[in-house]
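Participant: Have a look at this one before I ask anything.
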Amino acid sequence: MLKVESISKDYREFKLREISFDVREGEHFIILGPSGSGKTVLLEIIAGIISPDRGRILLRGEDITGLPPEKRNFSYIPQNYALFPHMTVFDNIAFGLKLRKIPRKEVARKVREVAESLGIDHLLHRKPRTLSGGEQQRVAIARALVVKPELLLMDEPFANLDVQTKSKLIREMKRWRKEFGFTAIHVTHSFEEALSLGDRVGIMLRGRLVQVGDVRDVFSKPKSEEVARFLGFENIIEGVANGRILKVGDLRIELPREVWGKVRVGIRPEDITIFMEGVKTSARNVFKARVEGIEDLGALVKLTLNLGGIILRAFITRSSLIELGIREGEEVYASFKASAIHVFP
């Protein structure tokens, strides 16, 4: 449907370099990256707000690079929602329809239909300043969807919401997508949004799109250490592999496949299980470790473990920490399955 070809742009402090990807019909495509990676600049180029220095954008095979925003039939939701403060919710949602010269009765019908679907039909007489953050976001989404855009562009759509409201809107976004059948490009730094909503994801680091693929594949099989570290592979180990065994100091770690020579592997902290004593487990990698640090992260706790000079980090729940009575300086057992190990190419 949409094809982005070799887009480059120097814009203020941002630099985009040779960005290329495609978006399929009906897909929810996530652009995931840290703050300052150029995600918003890329989205605004796709929207037609900013012109690229090089490259082009194709919609169904037609070059739309020079087409102004109002000619693209895209809906763009900026991070601050950009609702008109002097207008009611009804008039905000109706704005795009009125620009398209839609008859008044049809405007009213379409606005009420989308408002009912998004659960804001009781707010149509209100002004944006009287709404909660979640309600404002629903209004912004309604305004975007009511015109039936070919492409929905969303810039950090849930960034300004509290955790509970965000989780609810993510669940509802799935339902709205089924109901309205839209195609979306969604910019975010949130792993939760990417994993919950995305079909495919593009990882953006330092102005470059460094990996594109199915969301689950990218999260489980990052192509580089840079991508892996961004995606939460805190444990990256170097050793010498002999078939399915990796030698790291005095440790012998079973690998998911045969590898030979010097390699580097990654293990997510959440894939490491902690026991206070040796137990039977399907995991082939079980090691004694000393707890060198305990970091409180709220619902989770991060443990820093020393496995014979090899430092690993593991997540456990707060309740597990209390139940097991884990303290700094104590010895525990750390286990992880061979299938949880990612071998870098």
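Yeah, the Cβs are placed from backbone N, Cα and C, and that goes for glycine too.
Annotations for this protein, taken from Swiss-Prot, read as follows:
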DOMAIN    2-231  domain 'ABC transporter'
BINDING   GLY33, PRO34, SER35, GLY36, SER37, GLY38, LYS39, THR40  ATP binding site
DOMAIN    280-345  domain 'Mop'
Participant: List every residue in the same chain as SER37 (ATP binding site), at least 6 positions away in sequence, whose Cβ is under 8 Å from its Cβ.
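Facilitator: Counting only residues 6 or more apart in sequence, the Cβ neighbours of SER37 (ATP binding site) under 8 Å are MET204, LEU205, ARG206, GLY207.
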Participant: Which chain neighbours of the ATP site, leaving out GLY33, PRO34, SER35, GLY36, SER37, GLY38, LYS39, THR40, have a Cβ atom within 8 Å of the mean position of the site's Cβ atoms?
Facilitator: PHE14, HIS189, MET204
Participant: Taking the Cβ of THR40 (ATP binding site) as the centre, count every other Cβ atom within 10 Å, in any protein chain shown.
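Facilitator: A count of 20.
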Participant: If you count other CB atoms within 10 A of each CB, which of GLY33, PRO34, GLY36 wins among these binding-site residues?
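Facilitator: When each Cβ's neighbours within 10 Å are tallied, GLY33 tops the list.
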Participant: Taking the Cβ of GLY38 (ATP binding site) as the reference point, list residues of the same chain whose Cβ is under 8 angstroms away and which are at least six residues distant in sequence.
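Facilitator: Same-chain residues close to GLY38 (ATP binding site) (Cβ under 8 Å, separated by 6 or more) are PHE14, LYS15, LEU16, MET204, GLY207.
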